[in-house]
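**Student:** Sharing a structure with you now.
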Amino acid sequence: EWHGTGTAVGDPTEASAIARAFDHVRTREDPLYVGAVKANVGHLEGCSGLAGVIKALLVLEKGYIPPIAGLETLNKKLTPEKWNIRFPQVGLAWPSTGLRRACVNSFGFGGTNATAVLDNCDYHLSIVRNRHANRGSLQDSDSTSSAPTSNGVHSSDDLDPIPAEHTNGDCSTLARPSATPRLLPWSAFDEQSAKRLGEMYLSRFNDFKDTLDDAAYVLSQRRTLFPWRGFAVLDRLSNIEMARLPSPAPKKALENRQVAFVFTGQGAQW
């Protein structure tokens, strides 16, 4: 499943790269089949790679390779016979038994290149002991997995399971408070109140440094937002001297915020 945007320069460049990687292990009788979901749904920009993954998963599951929609004439710079590649113009059953494997390419104009390699799960289920499929889902009967931990703010990427700390009530796995810096925001009705509030929070830093995740969550999600706002960025390893450093002066929030969304058409968004 190639990136395949249909451009005069991009398609031959990608196809020749695919050929350099695979033509030595393919033949004209056993070619590499190359598809492009963009022919069906167009360029979905930041989601185009996901569309390719979904299509590839369906191909692997069904064992059927669909044709490239609307393909009538190939770019003259494409030489599939020489490259042992085939761009299917009619649908066909997966041409071999056993493992089915698909590569999904997705490239960005800014130089971000991604390739995902996917295998059909039925093949692995047939050879991996004590695994089974339950309407398409995998379970390992030899092992148990603990629920993902959460710090109560956004994610659990930086939490280390340890005994006797705290949880957020959603899972049984215990986690140490994160060492990742946290944003502590506060707000007040006027500038002086916002300044005093910030000084009070920072003077009490040692009281909540071991529960910094909780403090960040409460301040950002469970407090009314007033016009004048301030913040500090701290982590649980910070010392009290660092907490006493002057924080940025409170600023008054804009009453009417203007938001702009920019879509370049090449996979980058702001």
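Cβ coordinates are placed from backbone N, Cα and C, and glycine is handled just like the others.
Features from TrEMBL:
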{"type": "COMPBIAS", "residues": "136-154", "note": "compositional bias 'Polar residues'"}
{"type": "DOMAIN", "residues": "1-120", "note": "domain 'Ketosynthase family 3 (KS3)'"}
{"type": "REGION", "residues": "134-171", "note": "region 'Disordered'"}
**Student:** To what whole number does the mean pLDDT across the domain 'Ketosynthase family 3 (KS3)' (1-120) round?
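**Tutor:** Here the predicted model's pLDDT, averaged over the domain 'Ketosynthase family 3 (KS3)' (1-120), is 90.
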**Student:** On the DSSP side of things, how many residues of the domain 'Ketosynthase family 3 (KS3)' (1-120) fall into helix, strand and coil, could you say?
**Tutor:** 42 helix, 22 strand, 56 coil
